[in-house]
């Protein structure tokens, strides 16, 4: 804060000194000219050559290198230097300014002051070139020359000499070009603002003003310097919003830069910027909710809560945006200050509950808040397409959201609700699910069918099937997958075969029991052998089954995998158990290390079940709903917040493009083991 104030004071002092100097306009004797301008002839300032000559390479190199000897030689021979232009339209002053040749720049300005107003093919003046290159001394010299000449011209001529507002081919003023370089050119920005701050509110071709650039860069010092020169506004004065050109979503830029100080400075100067929208039609509060800038949102809410009820051009409100992006703190703050905003509807007739169901980001927080505030009836609200929360979560394949939603009392009552297409959430999942195995789609259907069975009584838990048979993949690419399974199965078969002949405890060497297991009288050894043999047998079955998959027949590949996956998973489990029993036999009982080993194996067993169990069971057809009691909790750990999922998420539009939906009174074709909800 102190550094910013000191910088502002310095800029203000420079501007005051410049203003004092310019008061001597019209009287050459009242202001002592700089040394390099003492021989300047004012009448030549607007005298431009009628024709330009191509600049030869010798002159180009000499002025780019700052060769003053060449300049003196040309002046002695009365060569008109102002008529030379390079292939890019650069004058000799452009070349010297771009290279930062201060001494040569001063000589050229003194000899050919009209070059201050000559532009190249990019419409850049020498001041543009020097500001973009970052040559502070050259910029100061050019500014000094322009100021000196301006003080001695009439007002109508001064308009022609206002180089600070001249735009290049991209619409950039010298101030734009200096600010584009960031903090490296801050002193150049100070110099240009001190000389003339009019350009700070002008926009380039991208509709960006230097004020916008300063806010976006979180450069509070220059933001305050610009704001100080603009009147606060009133009945007879134009406000900052009126004077500003180009984009006026300055509050959005301040939020993007995460600068609450600039936000306060801007709104204290002109509060009307709070009503501006960005190029996408989003209000400032919605933009703050979009990026999740909690402090900025609080600042805006402190000034006015009315913008909570102002929708964006797409019909959404700040609460919808915050929920869609999963910014829990922002959502909670808006709902705390405006509890009634939970009833806001977007153009699709959806509340934030619908948005949470679609996106899956922190949906449980929104559901829990709704119940806590006594707004549970919103759980059953349908949008303009008749979709409930369950329909939208199903359309976007959000199994964890469905799990959280169906745990609520209100949600279970809408599991049989039909949308405008005459579909329940279950039928919607079955309609849109691809025939091949897509993990999120299969999990979503399993969750829906499980809770549907629960809602119909205990008997349905044994009758209702929660999995469906999957078809072969669309691309038919199984080769790498099959080879990976073959390698794993072969390794397990090798290990279990070797373990069968290297038993824990070894073999006896006594004549009476030669070659027999020393620990043969222990029951634990029998368990070890049982699981070891079972693991080897399962791996052998897997290998033989996968050999069929190598024939290239898609049907055989699919069938082989349906057998190989369960058997290989069982082989892995049996191998783990056999190893655990072998360690138990070898280590004395009561050893603390034994407890640690078994605890780690128990954890490993759970992890294997968590990873392999759902993957295998989802491909097994016709599993009764009673098994869902064990399987469903695994899906609570699914990460459905990632939008860049490998699985293609189908939107609601894709559902509408599938053609006419069967009449509600007709029985749609479905798995014979599943009970249609319409018959309920």
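FYI, residue positions are counted from 1 along the chain as it appears here.
The backbone N, Cα and C atoms fix where each Cβ goes, glycine too.
It is 563-585, from the ranges 563-585, 655-677, that TrEMBL records as transmembrane segment.
Highest Cβ pair count under 8 Å relative to the transmembrane segment (525-551), across stretches 481-504, 563-585, 592-612, 618-638: 563-585. With a cut-off of 8 Å between Cβ atoms, the residues of this chain six or more beyond the transmembrane segment (481-504) that come close are 517, 519, 525, 528-529, 532-533, 535-536, 538-540, 542-543, 546, 549-550, 557, 560-561, 564-565, 568, 571-572, 575, 578, 582, 585-586.
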